[in-house]
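Taken verbatim from TrEMBL:
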type	residues	note
DOMAIN	7-706	domain 'Major facilitator superfamily (MFS) profile'
TRANSMEM	43-61	transmembrane segment
TRANSMEM	73-93	transmembrane segment
TRANSMEM	99-119	transmembrane segment
TRANSMEM	140-157	transmembrane segment
TRANSMEM	163-183	transmembrane segment
COMPBIAS	327-342	compositional bias 'Basic and acidic residues'
REGION	327-358	region 'Disordered'
TRANSMEM	554-573	transmembrane segment
TRANSMEM	585-608	transmembrane segment
TRANSMEM	614-639	transmembrane segment
TRANSMEM	651-671	transmembrane segment
TRANSMEM	677-700	transmembrane segment
Amino acid sequence: MKGAVLVALAASIGNFLQGWDNATIAGAMVYIKKDMALKSSVEGLIVAISLIGATIITTCSGPVSDWVGRRPMLILSSLFYFLSGLIMLWSPNVFVLCIARLLDGFGIGLAVTLVPVYISETAPSDIRGLLNTLPQFTGSGGMFISYCMVFSMSLSVSPSWRLMLGVLSIPSVLYFILTVFFLPESPRWLVSKGKMLEAKKVLQRLRGVEDVSGEMALLVEGLGIGGETSIEEYIIGPAEEFEGEAADEKDKIRLYGPGEGLSWVAKPVTGQSSLALASRQGSLINKSMALMDPLVTLFGSVHEKLPESGSMVFPNFGSMFSTAEPHVKNEQWDEESQRGDDYTSEAGGVDSDDNLHSPLLSRQATSMDKDMVPPPSHGSILSVRRHSSLMQGNVEAVGNTGIGGGWQLAWKWSEKGEDGKEGGFKRIYLHQEDIPGSRRGSILSLPGEDVHGEGEFIQAAALVSQPALFSKELKDQRPVGPAMVHPSETVSKTPIWSALLEPGVKHALIVGIGIQILQQFSGINGVLYYTPQILEEAGVEVLLSNMGIGSESSSFLISAFTTFLMLPCIAVAMRLMDISGRRRLLLTTIPVLIVSLLILVVFELVTVSTMVNAAISTICVVVYFCIFVMAYGPIPNILCSEIFPTRVRGLCIAICAMVFWIGDIIVTYSLPVMLSAIGLAGVFGIYAIVCIVSWIFVYLKVPETKGMPLEVIAEFFSVGARQAAKGATN
């Protein structure tokens, strides 16, 4: 995974520059105010105009990134940083300085909005949380280094604020070089545009392996938005263990292993899958706790039943179904090379799209197929090809269809039944569950189903829905077998605004917008504002003054120290993000924020002694900072980058980011007014109430997404939204 880690580090430099800028403007304003004799209103404008720029650019950054790609927008961010640094270095007057700060805000807005999206789309699901905490770490690291630089400059006889601000151009050059020459485009965005060969090469680089066909298939399935999804249950075992059973063969899915003659069968059952039980019992849960989101229950049922051994749940699966020769000629999936190649010939050692652009599955030829004269190809319809090599792997490592988090990807194809019922092509996300009855080398017994044998049996839950590229229009053309359309044919040239009305997307937007608003009003800005005052009361400035350090330099050094304390806490969060999970971290840390704020309120109202109050307040502020950056700081952005479908991820993340920046502006400008109206105790009391509301919101509405593929998360939101709608109707 070294490739994905290095790419995430390079992308996170955008957040490093944001942290750098936040610290330098805080330090430089001390000298700008003296040099230009600024009024307080103009001083506030210089600081705030970068927030305004970030808000403006955010409104269009998401849709544009869905159109032109994530990487070009990150390149543009680096250019904005570089130009703003050069202009701030020159800045002859306030007007030019404001223009530079506006450009700087554009760079900040693009980085804060799109870096989490880019990392989520390139990172493996099992370390996605860790890598997506990197922006928080690099941002705090940038603040620490910048405060150290400002402190050292403040010790000179005549510190130059222009030089402080202009230094931003130096690291931005590095960021530009990395975005242009090192960062690849997001493979999910490439697949959404039909650029399959390029996406395959990027995935091979990021994963460090040649065979990425399973993940490619997953990315293709992520192109769908909405659709009906059902939750089913299967038992999976060696094919020979099912021989002689009376069950209809059409109900079975045959999975082939890499070894000759080795095959497994997935058989539908009604058993004790926790995912299916959670789905069936969702209405009961809603009645007992009316506000609990069914989505939280569904996600929780998966994480509570994770198997103990590794992430590869179905060992030794090879190509699915069977290996019959196709009858229909295929066309290339890559829109860049529209060649009508016949997929019956193998590509050999040549790097081509032949091994990639088939639907990635095989099926058993039926007697009807053998007797039928195949129709000509319809446009860019794709049918199946031979030896698709879907499910190869082993217990130690995720194989071709191991898509992370204990999930695997499969398809099933059923012909028209004897009862006249129409057959269909279905995609299945399979998930092993570590429950009684999922055992190896023993007899498996389930309610209503007894399967005897000495083989291996696995209980699995499944999300079953129509494949993303098997559209109704294609179905009406009556292709032979499970055909697919070309991904580029499903691409909209403009943002899919109508998709925002799809129940799963609306549900995800409620979660994303809600947690962004609550985070902004949870008190971090107020605590930052209050920190210098309580540290001064604690006598820190007096101590530094006795060491010969001036008051201005002292404030910079104190800020550097406070920022430094955040770094080990973020490092701990990076470790826990994919172990404890996002939801558990929030539910654990928010109560600490509440207690810290309440203690600050108490000791603001009650004075024991100046030193005691200052000491306790200092401890509370440090604890608040450290706990905030562990969870409530990074997790809202991480969640927002995970919960939306690929086609509208940029658009939806822009909506959430715009809410973030508007909230930031409101909190920043309302704080002085609130302080004069209700005092510091009142402000912290309001923040404590918001944190309590935040905990309730997370408990009722925010699901656990750790380790799950982005496409499966979007599917769960679709299922959960429909369950919630049914519950409301009932």
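Placement of Cβ uses the backbone N, Cα and C atoms for every residue, glycine included.
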Problem set entry | Proximity verdict for the transmembrane segment (99-119) and the transmembrane segment (554-573), three or more C-beta pairs under 8 Å | no
Problem set entry | Paired segments the transmembrane segment (43-61) and the transmembrane segment (614-639) in contact, 3+ CB pairs under 8 A | no
Exercise. Sequence gap of 6 or more, Cβ distance under 8 Å, 3 or more pairs: do the transmembrane segment (585-608) and the transmembrane segment (677-700) meet that?
Worked result: yes
Problem set entry | For the transmembrane segment (651-671), distant same-chain residues with Cβ under 8 A (at least six beyond the ends) | 44, 48, 51-52, 54-55, 58-63, 66, 109, 112-114, 116-117, 495-497, 500, 505, 508-509, 512-513, 516-517, 519-521, 525-526, 529, 636, 640-641, 644, 683
Seminar exercise, completed: For the transmembrane segment (614-639), the distant same-chain contacts (Cβ-Cβ under 8 Å, at least six residues beyond its ends) come to 112, 116, 120, 129, 132-133, 135-136, 140, 511-512, 515-516, 519, 522-524, 527, 530-531, 534-535, 537-539, 562, 565-566, 569-570, 572-573, 576-577, 582, 585-586, 588-590, 592-593, 596-597, 599-600, 603-604, 660, 694, 702, 705
Exercise. Hey, which bits of the same chain come close to the transmembrane segment (677-700), Cβ under 8 Å, at least six residues off its ends?
Worked result: 291-293, 296, 514-515, 518-519, 521-523, 526, 530, 583, 586-587, 590-591, 593-594, 597-598, 600-601, 604-605, 632, 671
